[in-house]
Amino acid sequence: MDAKLSPNQGLNISGIGLASSLAAGLGIAALTLDWIANRNPWQGTSLTLPLLLCTIASAIAGYFVVPLLQALKTGQIIREDGPQAHLKKAGTPTMGGIFFIPVAVVGACVLSNFATEVLAVSALTLSYGLIGWIDDWQILRRKSNKGISPRMKLALQICFAAAFCLWLMFNQPANITSIALPWVSFALPLGFLFWPLAGFVLVAESNATNLTDGIDGLAGGTVAIALLALGAIVAPTSPALMVFCAALSGSCLGFLAHNRNPARVFMGDTGSLALGGALAAVALLTNSLVALFILSGIFFVETLSVMAQVSYYKATKGPDGKGKRLLKMAPLHHHLELSGWSELQVVSSFYVIATILAVICLAIAPF
């Protein structure tokens, strides 16, 4: 008898199984990378210890904070025009970023002995988290999907990005305005043009991770993979920022204990904007923009899918004011859901892609 293969066949894994597999995989990766670099994995300046400590601390913090968020009635407002399977998520607490982001920041600061660059990146991370919190709070207060206006959100992102760039301008070496190309012994000098690019990267990366946060465990897992790889790449030149990346990666893993399918809490803009800001800030500080571009492949594709959807809709708009859609729904992960993929299939596939991108980055990195 002929049988039609559905997108969900062949995937027999639970949300907790997927999250556990990711945590185990990143733990083994951290140990391996420390071993390759001749680092003691159980010292503060490593990948393994910050990853492990912040995973545990974030997971434990969630058991206290998630019930509090439930009691405060911070339930997520679900879009009615989205995938119908998401309607059952209505009421799930959001703002999860308020516990796992601070856990990572505190852990990184302590383990790095409050290194200046870690304090700077932490300040940018918390600033973007604050923007997200304001947006999340407005959504909850108004009981709709509309938070602060896009213009206000963008203005705040630009302001904090400008402040970080000013600090970078006066506290980092002059060659920071040259972009290192890892596969050739050459740096692309940008001069003053570096600064508008830096501001753009901070804003774009935070919004890209924000768009990726649409399925249980998706943003948390893919960012955890990117952060650990970025930490390994920057380790030779900035051990303190390696610790920061490992701590934030671990905190994402701890958050997945509560955000894996079916999620008990969402990170909200509080978490997603902070994560994107952190990735961009570390890359700018360590001249790792090429690595960031590769590691952020999933986030950029998600963003491009939204841009393509909007552009195509406007270009095909007829006299009735309605246009055609390129995708069933943007971002891409929602299109895949509406095409018959399960949430777990989308998330596991994106984890695999994120891992491949991380391996590519590590392969070309000048260790």
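Backbone N, Cα and C define each Cβ position, glycine as well.
If you check Swiss-Prot, you get these features:
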type     : residues : note
TRANSMEM : 13-33    : transmembrane segment
TRANSMEM : 49-69    : transmembrane segment
TRANSMEM : 95-115   : transmembrane segment
TRANSMEM : 119-139  : transmembrane segment
TRANSMEM : 154-174  : transmembrane segment
TRANSMEM : 183-203  : transmembrane segment
TRANSMEM : 215-235  : transmembrane segment
TRANSMEM : 237-257  : transmembrane segment
TRANSMEM : 281-301  : transmembrane segment
TRANSMEM : 347-367  : transmembrane segment
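For the transmembrane segment (49-69), the residues of the chain that approach it from at least six positions outside its boundaries are 23, 26-27, 30, 41-43, 93-96, 98-100, 103-104, 107-108, 111, 228, 243, 246-255, 257-258, 264-265, judged by C-beta separation under 8 angstroms. The list of residues near the transmembrane segment (183-203) in space but at least 6 beyond its ends in sequence, with Cβ under 8 angstroms from a Cβ of it, reads 124, 154, 157-158, 160-162, 164-165, 168-169, 175-177, 277, 280-281, 283-284, 287, 289, 292, 364. Looking at which of 13-33, 154-174, 215-235, 237-257 has the most CB pairs under 8 Å to the transmembrane segment (119-139), the answer is the stretch 154-174. Highlighted: of the candidate stretches 13-33, 95-115, 237-257, 281-301, 347-367, 281-301 has the greatest count of Cβ pairs under 8 Å to the transmembrane segment (154-174).
The largest share of C-beta pairs under 8 angstroms with the transmembrane segment (347-367) comes from 215-235, of the ranges 95-115, 215-235, 237-257, 281-301. For the transmembrane segment (281-301), the neighbouring stretch richest in Cβ pairs under 8 Å, chosen from 95-115, 215-235, 237-257, is 215-235. With a threshold of 8 Å between CB atoms, the same-chain residues lying at least 6 positions outside the transmembrane segment (237-257) that come near it are 19, 22-23, 26, 30, 44-62, 96, 99-101, 103-105, 107-108, 111-113, 115, 117-118, 121-122, 125, 217, 220-221, 223-225, 227-228, 230-231, 267, 271, 275, 278, 282, 285-286.
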